[in-house]
Amino acid sequence: MALSRGLRCCQRVFSWIPVLIITSVVLWSYYAYVFELCLFTITNSFEKVAYLLVFHICFAMFSWTYWKSIFTPPASPCKKFQLSYSDKQRYEMEERPDAQKQILVEIARKLPISTRAQSGAIRFCDRCQVLKPDRCHHCSVCETCVLKMDHHCPWVNNCVGFSNYKFFLLFLSYSMLYCVFIAATVFQYFIKFWVGELPNGPAKFHVLFLMFVALMFFVSLMFLFGYHCWLVAKNRSTLEAFTAPVFVNGPDKNGFNVGLRRNLRQVFGEERRLWFIPVYTSQGNGHFFPLKNQSESQNPLLASEIWEESDEFHPTWEDGHSEAIKYLGVLYLQLNLL
């Protein structure tokens, strides 16, 4: 028991290493750009002020979205998806698998569940003892079931899912913007140092490497961001892109695809002015989603009778504000496992 706890503690400590690597690179880039380039290399005052102003805007948005991606806890199923005491006793006392499946079917009839396991049975998590809502999966790293789980990302040391998927997308987009701005503004001084127009010094090393690092990260992020844009347009998660969700009538990779506009609104919300700000605006509560063949009047995200639970994940815009394609998929998962 003590050994298991020790290993788990070590795992939690080591899981922060990728975040520390990213943080260290970003802090070094801040020093290299602000001090070595803008303050020590650039002589034009107007150019210096303009670069510093735009850079700090990009840096602030990058830091904000990265923080939100890391520290927004993954949303888990609410109590209505947990087995009651009597149902749990009945399920555990039943030894026949078919009878256990029937018990889960009876319980699921009271819940908005449309998807099934590959075998056709109700999806049930033995570890969390909950019936899994649509698009919910168990994360072995976070040790909990995550609503609309996309993947566990080591670079943010968090599960990317319903609660923080918008923040993760904005993190990718502002990371790309940060890299593009650095590469575009550093380029002319990179050439001057390269050909010897500027004197050798500490700034040369920082500017040269700043250019290489910005381009390297931009290329990687371009693939990741492009892949996730495709996922949003199709209304799929990374897991669903590799294994199609199973419905009563069988697997359907486009089961949750309700059109580009509605797919975007599910992730970013109705107010377009808030789309590019890392505050929570996503539709719904993560427990159920409109289906491709479902009419708008039956859309659970828009229905007048909203299925609610007092302790379920349902943040508001004020809550967030107060805290002020397959190849790409394989490449994406490989990069995340590095």
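Yeah, the Cβs are placed from backbone N, Cα and C, and that goes for glycine too.
For reference, TrEMBL has these:
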- 12-33: transmembrane segment (TRANSMEM)
- 49-67: transmembrane segment (TRANSMEM)
- 122-242: domain 'Palmitoyltransferase DHHC' (DOMAIN)
- 167-191: transmembrane segment (TRANSMEM)
- 203-227: transmembrane segment (TRANSMEM)
Contact set of the transmembrane segment (203-227) with the rest of its chain, CB cutoff 8 A exclusive, min separation 6+ beyond the ends, reads 25, 29, 31-33, 36-37, 40-41, 169, 172-173, 175-176, 179-180, 182-183, 186-187, 189-190, 193-194, 325, 328-329, 331-332, 335
Over the span of the domain 'Palmitoyltransferase DHHC' (122-242), how high is the average pLDDT in this prediction?
94
